[in-house]
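Heads up: the structure comes next, in structure tokens.
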Amino acid sequence: MAMDGYLWMVILGFIIAFILAFSVGANDVANSFGTAVGSGVVTLRQACILASIFETTGSVLLGAKVGETIRKGIIDVNLYNETVETLMAGEVSAMVGSAVWQLIASFLRLPISGTHCIVGSTIGFSLVAIGPKGVQWMELVKIVASWFISPLLSGFMSGVLFILIRMFILTKEDPVPNGLQALPLFYAATIAINVFSIMYTGAPVLGLSLPIWAIALISFGVALLFAFFVWLFVCPWMKRKIAGRLEKESALSRASDESLRKVQEAESPVFKELPGAKASDDSAVPLTSLAGEAAGASEGTSAGNHPRASYGRALSMTHGSAKSPISNGTFGFEGHMRNDGHVYHTVHKDSGLYKDLLHKIHVDKGPEEKPAQENNYRLLRRNNSYTCYTAAICGMPVHATFRASDTSSAPEDSEKLVGDTVSYSKKRLRYDSYSSYCNAVAEAEIEAEEGGVEMRLASELTDPDQPHEDPAEDEKEEKDSAEVHLLFHFLQVLTACFGSFAHGGNDVSNAIGPLVALWLIYKQGGVTQEAATPVWLLFYGGVGICTGLWVWGRRVIQTMGKDLTPITPSSGFTIELASAFTVVIASNIGLPVSTTHCKVGSVVAVGWIRSRKAVDWRLFRNIFIAWFVTVPVAGLFSAAIMALLMYICGFVSSSR
């Protein structure tokens with residue numbers, strides 16, 4: 001059959017396919033390196049470079065098998081034998097519908113499934129062109145089932161692996177020995193899965209024809225050699241590196257303790273003067289001095305304990321963008337107090353949230369008077385956002401009455417600084433960063449005692465019998481120790497590369513599957529598409545994916561890597577390995593699972609195991625809703641384009 005008259009459709013298909021690959025790169029590649037960027041093991045630029053290499057390689061070696069399912073597994077192409085041009089128009093419509101919806105989703109920073117898009121678009125044009133009989137509904141049922149199986153399976157595998165790692169490594173007093181012993185096993189598992197995937201799926205491309213037992217044996221042998229190399233060279237090097245890091249941290253800790261001792265009697269930077277006091281007045285007494293004197297007069301309390309404990313907790317519990325003159329952390333109370341009794345801290349004007357923060361402050365201007373048991377003893381979780389600074393803003397109206405001691409003056413001569421009662425009210429200032437709340441609000445309580453003032457931050461110095469959240473426990477859940485960070489640092493990079501490789505093999509078919517069908521129909525003049533998928537078309541799709549990643553990828557990386565749950569190198573390694581293993585297995589059997597579902601399932605499972613409050617369930621709900629919306633929306637776009645092409649070009653429906 002002469003196809004020269006439809007060359008314009010092929011050219012249009014190549015252009016749209018590149019746009020579709022661009023949208024896949026902008027949206028779905030965040031699944032691969034989002035957690036690595038979120039945990040801080042790689043920068044965004046490094047992630048883009050590594051993803052470009054492994055996405056392209058994976059698309060060439062693994063993309064052909066899944067592409068066959070996308071091309072011929074969803075609709076019955078034999079029904080288009082008499083109207084080949086209708087099928088070609090349908091492939092163009094499918095690419096348009098999928099590309100439009102993915103670009104919209106990327107603009108809105110919604111992580112959606114590229115597989116869902118192309119499946120929905122394919123069904124959409126088929127319903128217009130040939131009616132319900134053109135869809136292989138049983139195949140669609142299997143695909144829909146895989147959308148639920150993949151996050152559950154990936155989440156289960158990630159959860160089990162993380163529990164084992166936490167049990168044998170993370171919770172140990174000294175995690176280094178067990179971690180070093182497990183390193184060869186972790187590397188071997190990663191390499192074995194990767195080699196098996198390449199040999200099993202990419203063997204035809206490499207000109208190899210091996211039985212599965214031979215491929216498994218080769219994969220096991222390569223993994224064993226790699227494990228021996230890690231045990232012989234990497235483990236001793238890692239042990240020396242960890243020892244050096246711990247020695248440096250010990251020296252810094254000793255220096256920090258010495259600095260704190262020197263400033264124990266100095267003026268605290270939290271409150272340089274109490275509200276209402278004048279600079280020239282004798283009543284402007286440093287808070288730490290008052291606390292120390294009060295502590296000295298109290299039973300069973302040493303004179304130096306309170307100020308140091310209070311100030312130390314302030315340093316350890318707050319995280320923001322300003323530098324403290326004393327602490328070696330990222331935030332210290334380097335604010336200043338005004339006469340309204342509030343402590344103010346600087347928010348960078350270029351952070352992109354300056355106006356929004358001012359609006360929030362204006363909205364929250366009215367005081368919230370709540371019972372102490374509801375307001376106190378809370379530390380809002382910090383969720384680092386990719387596009388903003390995390391600010392620590394204390395809204396602390398201070399009302400304190402000072403009564404001089406009996407030896408200094410009479411009670412009637414004591415100066416009333418602010419009021420006759422002690423009250424504490426709190427404003428919770430929160431601001432949106434797209435889909436996340438980025439908060440780190442330190443709470444403070446100023447209370448008057450006989451002979452002085454005691455400062456307490458959050459719930460650190462309160463009654464231990466009072467039921468409240470333990471911020472220290474939350475902090476343990478969110479951070480790896482220095483040695484654990486080093487152990488899993490490169491492992492997460494390796495597994496991220498592995499995940500990118502698997503993503504390229506699975507998702508390039510979403511962009512190139514319809515183009516491959518269009519090209520083979522044009523070259524062969526029929527709908528059978530018996531020829532193998534051309535490698536250069538897979539490479540073309542890989543280039544489009546990488547372009548989308550570099551231009552727009554950072555928009556969705558934020559959601560997967562930072563907003564859904566806090567990521568550490570240990571949890572990131574678990575998420576990457578288990579989800580990538582699920583995707584590769586699915587790719588090898590030709591099942592077009594969603595990498596988004598696998599990664600989201602792993603992220604949520606590990607985050608829930610670490611802490612139920614660590615997962616942004618609101619964001620997860622939105623992602624879950626998007627899974628159901630994508631298929632019909634992409635199908636509607638595709639159906640509309642197909643109806644338009646059939647009307648303009650006069651194509652005849654194959655159902656007639």
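From the backbone N, Cα and C atoms, a Cβ is placed for every residue, glycine too.
Feature annotation from Swiss-Prot assigns N-linked glycosylation site to Asn81; the stated evidence is sequence analysis. Positions annotated as topological domain 'Extracellular' by Swiss-Prot, on the basis of sequence analysis: 1-5, 68-86, 131-142, 505-531, 587-594, 644-655. Residues or ranges marked as topological domain 'Cytoplasmic' in Swiss-Prot: 27-46, 164-190, 235-483, 553-572, 611-622. Positions annotated as transmembrane segment by Swiss-Prot, on the basis of sequence analysis: 6-26, 47-67, 87-107, 110-130, 143-163, 191-211, 214-234, 484-504, 532-552, 573-586, 595-610, 623-643.
A Cβ distance under 8 Å defines the sequence-distant neighbours of the transmembrane segment (87-107), meaning residues of its chain 6+ beyond its ends; these are 6, 9-10, 12-13, 16-17, 19-20, 22-24, 26-27, 77, 80, 114, 117-118, 120-122, 124-126, 129, 510, 514-515, 517-518, 521-522, 527, 552, 555-556, 626, 630, 633-642, 645-646, 649, 651. By number of Cβ pairs under 8 Å, the transmembrane segment (143-163) is matched best by 595-610 from the list 6-26, 214-234, 484-504, 595-610, 623-643.
Long-range contacts of the topological domain 'Cytoplasmic' (553-572) within its own chain (CB-CB distance under 8 A, at least 6 residues past either end) are made by residues 25-27, 29-31, 33-39, 41, 44, 47-48, 51, 106-107, 109-111, 162, 165-166, 169-170, 383-387, 433-436, 478-480, 484-485, 487-489, 491-492, 495-496, 599-600, 603-604, 606-607, 610, 614-616, 619-620, 623.
The transmembrane segment (595-610) is in contact with the transmembrane segment (110-130), judged by 3+ CB-CB distances under 8 Å for residue pairs 6 or more apart in sequence. Listed by sequence, the residues of this chain that lie at least six past the ends of the transmembrane segment (573-586) yet keep a Cβ under 8 A from its Cβ atoms are 31, 35-36, 62, 146, 150, 153-154, 157-158, 161-162, 165, 186, 189-190, 193-194, 197, 488, 491-492, 495-496, 498-499, 501-503, 505-506, 567, 592-593, 595, 598-599, 601-603, 606. Within its own chain, the topological domain 'Cytoplasmic' (164-190) is flanked in space by residues 223-224, 226-228, 230-231, 234-235, 238-239, 242, 480-481, 483-484, 487, 491, 494-495, 498, 570, 573-574, 577, 609, which lie at least six positions past its ends and keep a Cβ under 8 Å from the stretch. Beyond the transmembrane segment (623-643), the same-chain residues lying 6 or more positions past its ends with a Cβ under 8 Å from any Cβ of the stretch are 89-90, 92-94, 96-98, 100-101, 105, 110-113, 116-125, 127-129, 147, 564, 594, 596-597, 600. Break the topological domain 'Cytoplasmic' (553-572) down by DSSP state and the numbers are 14 helix, 0 strand, 6 coil.
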